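Participant: Could you have a look at this structure, given as structure tokens, before my questions?
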Amino acid sequence: MSANQDGANLLEVRGLTKVFGTLTACDHIDLDVAKGEIHALLGENGAGKSTLVKMLFGTLEPNSGEILWNGQAVTITDPGFAKKLGIGMVFQHFSLFEALTAAENIALSLEDGSPISAIAAKARALSYSYGLPLDPQSLVGDLSVGERQRIEIIRCLLQTPQLIILDEPTSVLTPQEADKLFETLERLRSEGKSILYISHRLEEVKRICDRATVLRHGKVVGHCNPRAETAASLARMMVGNDVQAVVRAPAEGIETAQPLLEIRALSRKPATPFSIPLKNINLTVRAGEVIGIAGVAGNGQGEFFESVSGEVPQQDAASVRIRGKDAGGLGITGRRLMGAAFVPEERLGHGAAPRMKLSENLLLSRHATDGKVFVGAGGMVKSDAIYAASQRIIEAMDVRKSAPDPEAAALSGGNLQKFIVGRELDRRPDVMVVNQPTWGVDAGAAAHIRQTLIGLARSGSAVLVISQDLDELFEISDAIAVMHNGELSKPLPIAEATFEKIGLLMGGAEPGHAEHTLETA
Amino acid sequence: MMRLELIKRPQRSMLFSALSPFIAFMLTIVAGAILFALLGVNPLKAFEIYFIEPVSQVWQLHELAIKAAPLILIGVGLSVCYRANIWNIGAEGQFILGGIVGSIIPVLFPQFEGPLVLPLMLLFGMVGGAAYAAIPALLKTRFNTNEILTSLMLVYVAQLFLDWLVRGPWRDPKGFNFPQTIQFNDSAILPELMPASGRANWGFVFALVAAVLVWILMSRMLKGFEVRVLGSSPRAGRFAGFGINRMVFFAFMLSGALAGLAGISEVSGAIGQLQPVISPGYGFTAIIVAFLGRLNPLGIVAAGLVLALTYLGGEAVQSALGISDKVARVFQGMLLFFVLGCDTLIHYRIRLIGFATPKLEAAPKLEEAR
């Protein structure tokens, strides 16, 4: 099945199967990883990538199938055993203590009990030798996301693994930081280490990976050489059919259109030691346009969203204006009543209550704006009305689900996101603010969500999209601004914006001083 | 050697959600049998006296209703708090303040009689309980204090305040220095439901009505939705525009009002005057009632009757077998212990693991770890 059958395989997986209830998350997966290769694991969300990797790292037990390590059958019972074998893992979501230093965090995961100072020295030496400079004495809370990822990588490398599993490593990096990471990965490959690289970013897979295994609905649909494929052909393998490209008609007459969302000198003090202060943010979103806000995670986007949505109201009522009226002193309900709608980054626990039905989650954001329709006399909820409306949204957004009105937590991330976006679109809001509209959403659903956001803008609404996905922002925005360390740059019209310009702004460069920063980065 | 392992279920088990109280009850019976055996009593005989004899005659059912009424009223109010993830442990104090404030009219204005007296007393009782519950709510929202501690400490304040009142300013001047107020006049006494067959009073009806109303509130109304959202995912609640501080006051004052109503119902119904002690720990036992009833108002009605039985049974074994009636507290404690323990089964399943599991076994295993 694979090109590499000469016995030099570090890891071989044969018929690995994992069943959750009625769902077969991994269905007879075969996979070979040779020594000294970067092997891509491609697939949409829910294709079974994470389940497979968890079985390799010992956090899930397979139902059947076998794992061969250097030709020997092994049962990986727990992560400790995986580490002993020589499997290291860098998770997408970091597990670091913000109040501890980098060295202390590393020491926690090593079980040899060596003194912190020794670990720090080792970590520092290793980090510089791999071109990932890291100060072991720095507090994690003070570090950027890219630097935190370095800690995770160094922590993994200190255990001298043979196989390193990286789960979506570039999703939190600027383009420049990602380049650095690729250099490190190539260096590791040249030392004979193997890397299992999980991603859905096809361009970077084409760039650094030697072979790829593509998963769809829990099954292997193909092994290929990504360099011989195009991004479109890889996408076709992942999704099973062609992903409809997002169409964005040029916006016309925007300059004179009515400003629907205005942010004037918005500042906010940090609420906790680890949150980012907002500094004098100014932005205007006019009827008919989509403005994108780019930025590396943790540069104040969350704080900005809370301030604009009114979850945290402002002292100065004029700092947020909706449809020409001051809204800064109002809470989120007041702002919704003025015609604004919001989609937060976290789906479960913020945009939706996990243990509640979809129809109840509809009520979550619309109990006030659609009070007459959904809530009857004396505060009684009209369950028929919310059920009917939620079914309407499910149909309009093509939400796939297993029961007529399931709990939010029972939906896959992409389907829940479609429901949450659809819940707000269903109101035809004049102002729509979305944080990470397609985070973790599969390609087909993401294209659908992006297209509906453009459609909403073109029908006369103002749309503000906060995203870490630059491809997405370039696809849908009429102008892109960059948030860095709580400050927002001037929006760049899409015609002038390039990946490099935006990437430099994401790294903290002043527009115009780009050259200087490039050297020090 | 065997070991037990808890394995998280992918979703909560509906079966064990319903079965858990019954398993807990069975385990309580088993542990109770051991307890009675150690006390040198035949467990079967003891159970008959504890659980069956107290409800074998009609007048005894009335006694059961008298004991169950405050437990249900308080438990129903507490269920709203606990659903909102707000931990009111001070219902006992709110019960006492309800009794005190509700008694203002019959104690200080005994000459005021008529059909208005009783409704006013009940209203005063609810206001007293709600106002007393507002103290921990205020402390929590203003100073971020832990409501478990403040509401609990206020119980002791209320108990000592009542003690001082009935020994001091409110003492019956013709009461031979007994620490108690005057007997309430007839229009201040909560009427009995069916005087021909027993003592049960309207308090039990209040309890049933409160259970139904709170059930409607929680399952059918926007306010109940607000309680459930803020309790289960506070961030989603904030996104919905629900204020957590308003909810703290709402939940505390609602449960305080119901505890206060229970207090004045008990004083004007079962007792007829204020005494140094007006509750055998109803406010604390109601916490067990709320959890045994799955925080569902209708389940709480059933749970209230069960816990009321433990009080009657405690009195029965004391008189019949000479065992301390503290055994009732033991039973209540065991019941809560086992209920909380069995609730683990809703989210976890138990797996027995033998010591000698072959290392390289690739046999199918259906469990999900982590």
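Every residue, even glycine, has its Cβ placed from backbone N, Cα and C.
What you are looking at is a predicted structure, and each value in this text was computed from that prediction instead of being measured.
The transmembrane segment annotation in TrEMBL covers B:21-44, B:64-82, B:94-112, B:118-139, B:148-166, B:200-218, B:239-264, B:284-309, B:330-350.
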Participant: Given a Cβ distance threshold of under 8 angstroms, which distant residues of the chain, six or more beyond its ends, lie next to the transmembrane segment (B:21-44)?
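Facilitator: Long-range Cβ neighbours of the transmembrane segment (B:21-44): 50, 292-294, 299, 303, 306, 321, 323, 327, 330-331, 334-335, 338-339, 341-342, 345.
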Participant: Using a Cβ cut-off of under 8 Å, list the residues of the same chain at least 6 residues beyond the transmembrane segment (B:64-82) that approach it.
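Facilitator: For the transmembrane segment (B:64-82), the sequence-distant neighbours (Cβ-Cβ under 8 Å, at least 6 residues beyond its ends) are 54-55, 88, 91, 95, 199-201, 203-204, 206-208, 210-211, 214, 217-218, 227, 231, 251-252, 254-259, 261-263, 265-266, 269-270, 279, 282-283, 285-287, 289-291, 293, 295-297, 300-301, 303-305, 307-309, 311-312.
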Participant: Near the transmembrane segment (B:94-112), which same-chain residues lie under 8 Å Cβ to Cβ, leaving out any that are not at least 6 residues past its ends?
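Facilitator: Answer is 70, 74, 120-122, 124-133, 155, 158-159, 161-162, 165, 170, 181-182, 184-185, 188, 255-256, 259-264, 266-268, 274, 278-279, 282-283.
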Participant: For the transmembrane segment (B:148-166), give me same-chain residues lying six or more residues beyond its boundaries with a C-beta closer than 8 angstroms to one of its C-beta atoms, as numbers and ranges.
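Facilitator: The answer is 87-90, 92-94, 96-97, 99-100, 132-133, 135-136, 139-140, 179-181, 252, 274-278, 283.
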Participant: Apart from its near flanks, which chain residues at least 6 from the ends of the transmembrane segment (B:200-218) lie with a Cβ under 8 angstroms of it?
Facilitator: 61-63, 65-66, 68-70, 72-73, 76-77, 79-80, 83, 190-194, 224, 227-228, 258, 261-262, 265-266, 269-270, 296-298, 300-301, 304
